[in-house]
């Protein structure tokens, strides 16, 4: 069975997230999703939605076979435990594919890295766009 791992914060779930996960699922047989812990989100504003609620929403998606919260101290721990063939990253995730491949190799984790393209089928495909539009509408 070919396992795929997708990772993300998934704050304010939107069509871009669904596209990312559905495209990830197409690469294998079993999709595992690692949902970022609140304390580990340091590259952007803290999530609005709690980690438990974000996990529950991801678990409810048809394309997701398994979803877990990330480890609070070692982001590679769940990846080692899942042992995926492929790790996908979203088009706007800050990862460099080369750096991630090097980090995985350094830890003896044998997984390919695939960046999923941007979804452009709808206007609100990022949490930031949704928040900005909500603020704009509320402050008119």
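Yeah, the Cβs are placed from backbone N, Cα and C, and that goes for glycine too.
Record features (Swiss-Prot):
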{"type": "BINDING", "residues": "9, 10, 14, 15, 16, 17, 92, 119", "note": "ATP binding site"}
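Taking the features listed in Swiss-Prot, we show where each one sits on the structure.
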residue	record	CB count, 10 Å
9	ATP binding site	23
10	ATP binding site	25
14	ATP binding site	17
15	ATP binding site	15
16	ATP binding site	23
17	ATP binding site	24
92	ATP binding site	13
119	ATP binding site	19
Practice task
For residue 119 (ATP binding site), name the DSSP secondary structure in the helix/strand/coil scheme.
Solution key: coil
Practice task
Please classify the secondary structure at residue 16 (ATP binding site) using three-state DSSP.
Solution key: helix
Practice task
Please report the DSSP secondary structure of residue 10 (ATP binding site), reduced to three states.
Solution key: coil
Exercise for the section: Let me know the largest Cα to Cα distance in Å among the ATP-binding residues 9, 10, 14, 15, 16, 17, 92, 119, as an integer. Expected result: 17
